[in-house]
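> Dumping the structure here so I can ask a few things about it.
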Amino acid sequence: FMLNLVKMEVRPHAAHDADVGLTGTKLGCAEGGCGACTVMISKFHPHLKCIVHHAVNACLAPVCSLHHCAVITVDGIGTVASRLHPVQERIAKAHGSQCGFCTPGMVMSMYTLLRNNPEPSMVDIEEAFQGNLCRCTGYRPILEGYKTFAKVLDFGLWYCEDPTVLNQMYDPSKFIPLDPTQEVIFPPELLNLGKQPPRQMKFKGERVLWIQPSTLTELLDLKSHYPESKLVVGNTEVGMPMKFKNLLYPVILAPAYISELNSVQHTKQGIVFGAACTLTLLGEVLRDAVAKLPTYQTEVFKAILEQLRWFAGKQIRNVAVCLEQTIIKYCFKFGAVLMDDNFFPGYRKTALKPEEILLSIEIPYTKKGQYFSAFKQSPRQEDDIAIVTCGMNVVFKEGSNIVEKILLSFGGMAPTTVIPKTTCKKLIGSAWNEKLLEDACASLAEEMVLPPSAPGGMVPYRRTLTLSLFFKFYLTVKHYLAVDLQHEVLIRYYSSATELFHKDSPSSVQLFQAVPPGQSSEDFVGRPIMHLSALKQATGEAVYCDDIPCYENELHLALITSTKAHAHILSIDTGEAMTVPGVVAFVFAKDIPGSNITGPAFYDESVLAEKMVTCVGHIVGAVVADTQAHAQRAAKVVKITYDELKPIISIQDAIDSQSFYQPVRTMKKGDTAQGFKDSDHILEGEIHIGGQEHFYLETNCTVAVPKGEDGEMELFVSTQTASKTQALVAKALGVPANRIVCRVKRMGGGFGGKESRSIILSTVVAVAAMKRPVRCMLDRDEDMLVTGGRHPFLGRYKVGYMTSGKIIALDVTFYANAGNSKDLSFSIVERALFHMENSYNIPHVCGTGYMCKTNLPSNTAFRGFGGPQGMMVAESWMSDVALACGIPSYEVRRMNLYNEGDLTPFNQRLEQFTIGKCWEECLDISNYMKRQGAVEEFNRYFHRWTKRGLSIIPTKFGISFTSVFLNQAGALVHIYTDGSVLLTHGGTEMGQGLHTKMVQVASRALGIPCSKIFISETSTNTVANTSPTAASASSDLNGMAVYNACQTLLQRLEPYKVKNPKGSWEDWVNAAYFDRVNLSANGFYNNSGRAFNYFSYGVSCSEVEIDCLTGRQKTLHTTIVMDVGKSLNPAIDIGQVEGAFMQGLGLFTLEELHYSPQGSLLTRGPGMYKIPAFGDIPVELQVSLLRDSPNDKAIFSSKVLGEPPLFMAASVFYAIKDAITAARSESGLSGPFRLDSPATSERIRNACEDRFTKLCPPAEPGTYTPWAVRV
């Protein structure tokens, strides 16, 4: 095969393109779920007789499958130094790359689309990205940049006569035009080889034999000879069990090129697809058939196409085949076998005998009087596994509504497909009317049962879905019968239940303040300049930790982790692991030369568990081997014997056991007892807020290089806290900190997850690297298992309020699930208390915070650091008060807002308070009042089963480390004799644009262009004792340190500027140099000791639409107004707002961590854990940076905003709650109700109580062991 036009030969162990020096393609999950590794594979298709280009996931593509293929990676289409490809340029200049780790995958998805279709529609572009994830940008700028390739351009421009307000952050007219004639051609050599008759090939690996048969006869012979062999075409089903379940398939047969398996035949009964036809091809053929055939014949085709829209991503559909992905689980003819419930005897098993193969699958035509629908409900609409899926088929007696045949088939209700035969039998002969519906629902409720402990959980929801989806089918068929038989027309009030999920292409507006007239064109402060690494990230040239070339004698490390949540270690057996090839050594607690005690704030952790483990994922030891694969293989077969102890898993467990870390924090203002007496009403309630996985695209990585003398070691780490890493590694190695140098070039995302938990991995790697360099980059499942995430919170509150809605008193208690160590939980709970009233002035407040000590991996810092949880509880009681008073929630919120000069519960006076200004602007540009009227009309008159909701939410977020000593920063600036400047500061770059802003600050301070200034890395040997890059304070602290260093240098250069006023920057620098003036300067800054240096403010309004029958929701509109002072860089700041908002959207509506009752994390990758995708962007998104609001407490009157906008997504949550309120009113329910976070489809559906939910009540708690527990 050829890789970027270079001929390659398949070799054993050629795992990925890093082996040939290409580092552009990134490994994000190793299961085809994130798209970071997307590449384009081109080949001559012998059956289609043409060259095909497909985007595929490199992590799932076996090297052996690339025979006669051309592989193009991001490295092969353009470079910064030579020529950028338009796809690379546009994502960078449209500000669509922040941390950059996902960017190569985005680039290659778009590049492949353009190779197939140079003028795509927006629908094509959105579909191309269904298999790509981004955690930083919020997706909007990626789509905006690539929208410029679409046939119809619509930039959603917002026009304003005010010249100080801008809404364009780049000029698309300056983009390089796309010229399809200049693309890389398919190599003629491969074209000729592809046209030759296929021949059998064999590849022998270390443990696996790969055979590619050339004919059906060869395949059958091989299957007979190797009956237990696995058939692989796209590797979407076999690859992951081998990777994650440690399964081994010694023989793999790859029949991708056998003609009979690739054929498509149109028969009188339907269309027959060969088993190796990809799902992409299947979709193309069915779409063509739907366009050409009569509508009544294509009911099944249309249903399958609708399911394919939401099945996996484009990269998977391009390679997945019927042979691997038998997704059509309805009763179709299947060769000589009927594909009914008997075809699937067990989970992921078919009725095929070991020696048999799947040859083809026939999808039949439908006939007149036959109606077919398919439904799928999943946590996320795009690229997600179904919770419940079903196919429903009914045939009526000619010219009537009497059921002749009916078949219902459900997935997700058992390990296999389930057909409710009793229900189907009862309905035959019945008229399609309300009585049939009642009979069917009653029968389904009895027949479609699940044990309360069923794997996957959500039992009441899944049972309710079977009824809800049948109801949708009932209404759909009733609508068709009304058209075909002129029966009673389905009234509009119910018709929305029959509509397929549809979402318009997103549109957006971004508003920011123009720089003042007269500002120098070389002064880039306040201008929306591109992230300085964006172009390198788009070409794959940006270097991340694991991209560092391997050292000559480098070893690889894999972790040995606990499988028990709480247990004594009795013994560790490494015997079998020693037999794995390439194993060099094992590392356990006894091998640590210094101290095994560690911890970022409190020394209450061990580097390696010695006698006891206190969570699943507790690191017990490590294996060091010649390759990562060998190290991981060996780690999986280390046997640990335990004496198990009873674990404490959940917050409720901790409360019951009184298992808390000390001290318990309290904060008070006023007299709550008197406040409750003075109140007209008292309300009590609680809300649980689930945890969240950081899901940075680049997992934790460390390369440790011993220097060979005096205990020196150099660490290359993906971390937010270089100095703490240095200190704790030195502690473990037993050397002074001055022997350890920690370097951070950039991170592929952090979000707080690399503030403290990255240190454990770095320490283990350093201990293993005493003699030779050692590298470890965690796989996604390992990273999720061992690092912890956002703290789950339980908030209990008691509120005293007046009939008018004015709140008088609040008593709130927070319980945070801290995990098995304190980590940073003390400060996180403290910040939750600092934000317990959000933006509301409550006269009498008492807050208490508990840190629950549990047997989970220690939870840690995450964007917002406890603030979002505290504010979320505040908005819960605010929502309850509004519902109890019967007053619109926006009125209750507005009347309780703080005003300028008010005191917070911690006695800090609010100065430059702009919430009111943000509120009014948000109401204005969102057209809130008009929108509210439209929502009320929509809900009241036209839609029973679809409801809309609207909410407006403020935020007040304190800026500073609450640990006062951390509010300091240093910088080092070198000026070289050619006039170039090397800038170093204490902050780390993780995509938030910190380095870019620091260059802008230095540029203005020194009065030179940004092009003269360079930041190489963050390192502990240039700026010492740095604080973590966290708390949203890095631009403030490091910016002032940089400014101070620059001022020192300017003072030294001033005499030479005075002496030569017409001279250039270079003239002054050289004059100073020859005059022996020091051209290096340190800068240092610390701020005041107040709780917060200042506050960032914002207001967000969102409108949502929910499907009351399934719980599915979509965000129709969001307006965000953020006070950022005078923005240093509007493009970066708006990117932070949008990225934080989408991360908050995940926290409050989608992302769920599931733990077993034994404390084992069940959601360890993108297959089970869903972060927001492209399809989750609000249909309309407006972001406005508040104008004319300078901040006198930070660099150049700016404000930081890494964390504050995250809580803006709470407006979506409370809009959902508003929509649920409308749905509940249809069932006669009113007043406050509990809705925990996240507001998943399950919680939304269960809260919309109706006749279907009543038929599926939950089991009594305590009568069963649940599949997963709420922690």
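Glycine is treated like the rest: Cβ placed from N, Cα and C.
Those TrEMBL annotations? Automatic predictions, nothing curated.
Straight out of TrEMBL:
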type	residues	note
BINDING	Cys29, Cys34, Cys37, Cys59	[2Fe-2S] cluster 1 binding site
BINDING	Cys99, Cys102, Cys134, Cys136	[2Fe-2S] cluster 2 binding site
DOMAIN	203-320	domain 'FAD-binding PCMH-type'
BINDING	Leu231, Val232, Val233, Gly234, Asn235, Thr236, Glu237, Val238, Phe311, Leu358, Lys376	FAD binding site
BINDING	Gln720, Phe751, Arg863, Ala1031	Mo-molybdopterin binding site
BINDING	Glu755, Arg831, Phe865, Thr962	substrate binding site
ACT_SITE	Glu1203	active site, proton acceptor
> Using a 10 Å cut-off on CB atoms, tell me which of the binding-site residues Asn235, Gln720, Thr962 is the least crowded.
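Result for the binding-site residues Asn235, Gln720, Thr962: minimum number of other Cβ atoms within 10 Å at Thr962.
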> Among the binding-site residues Glu755, Arg863, Thr962, whose Cα is within 10 A of the Cα of the residue listed as 'active site, proton acceptor'?
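Qualifying among Glu755, Arg863, Thr962: Arg863.
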> Please name which of the binding-site residues listed here, Cys134, Cys136, Asn235, is nearest in space to Arg863 (Mo-molybdopterin binding site), Cα against Cα.
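Closest by Cα distance to Arg863 (Mo-molybdopterin binding site) among the binding-site residues Cys134, Cys136, Asn235: Cys136.
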> May I ask for the distance between Glu755 (substrate binding site) and Lys376 (FAD binding site), taken between their Cα atoms and rounded to an integer number of Å?
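If we compare the Cα positions of Glu755 (substrate binding site) and Lys376 (FAD binding site), the gap is 39 Å.
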> Given the recorded [2Fe-2S] cluster 2 site (Cys99, Cys102, Cys134, Cys136), which additional residues of the same chain have their Cβ within 8 Å of the Cβ centre, ordered by sequence?
Ser97, Gln98, Gly100, Phe101, Thr103, Arg135, Thr137, Leu697, Gly748, Gly749, Gly991, Gly1139
> Could you check which of the binding-site residues (Cys99, Cys134, Lys376, Phe751, Arg831) sits closest to Cys34 ([2Fe-2S] cluster 1 binding site), going Cα to Cα?
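Out of the listed candidates, the nearest Cα belongs to Cys134.
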> When you average the Cβ positions of Cys29, Cys34, Cys37, Cys59 for the [2Fe-2S] cluster 1 site, which other residues in that chain have a Cβ within 8 Å of that mean position?
Lys26, Leu27, Gly28, Ala30, Glu31, Gly32, Gly33, Gly35, Ala36, Asn57, Ala58, Gly105, Arg780
> Return the single residue from the recorded positions list (Glu237, Glu755, Glu1203) that has the minimum number of other CB atoms within 10 Å.
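With the recorded positions Glu237, Glu755, Glu1203, fewest surrounding Cβ atoms within 10 Å: Glu237.
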> Cα of Cys134 ([2Fe-2S] cluster 2 binding site) to Cα of Leu231 (FAD binding site): how many Å, rounded?
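Answer for this pair: 33 Å between alpha carbons.
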> Using DSSP, how many residues in the domain 'FAD-binding PCMH-type' (203-320) fall into helix, strand and coil?
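Going through the domain 'FAD-binding PCMH-type' (203-320) residue by residue, I get 52 helix, 20 strand, 46 coil.
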> Does anything in the same chain, at least 6 positions from Phe751 (Mo-molybdopterin binding site), have a Cβ under 8 Å from its Cβ, and if so what?
Arg135, His694, Tyr696, Phe862, Arg863, Met990, Gln1143
> Want to know which binding-site residues, from Cys37, Phe311, Thr962, are within 10 Å of Cys102 ([2Fe-2S] cluster 2 binding site) at Cα; which are they?
Cys37
> Over the span of the domain 'FAD-binding PCMH-type' (203-320), how high is the average pLDDT in this prediction?
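Summarising the domain 'FAD-binding PCMH-type' (203-320) by its mean pLDDT gives 90.
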> Starting from the Cβ centroid of Glu755, Arg831, Phe865, Thr962, which together make up the recorded substrate site, report each further residue of the same chain whose Cβ lies within 8 Å of that point, ordered by sequence.
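Neighbours found: Leu824, Ser827, Ile828, Glu830, Ala861, Gly866, Gly867, Phe961, Ala1030, Ala1031.
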> Among all chains shown, work out which of the binding-site residues Cys59, Cys99, Leu231 has the most CB atoms within 10 A of its CB.
Cys99
> Between the Cα atoms of Cys99 ([2Fe-2S] cluster 2 binding site) and Val233 (FAD binding site), find the distance and write it as a whole number of Å.
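Distance between the two Cα atoms comes out at 34 Å.
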> Given the binding-site residues Cys59, Cys136, Gln720, Ala1031, which one's Cα is the least distant from that of Asn235 (FAD binding site)?
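So, spelling it out, the nearest of the binding-site residues is Cys59.
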> Using only C-alpha positions, which one of Cys29, Cys136, Arg831, Phe865, Thr962 is spatially nearest Lys376 (FAD binding site)? These are the binding-site residues in the record.
Cys29
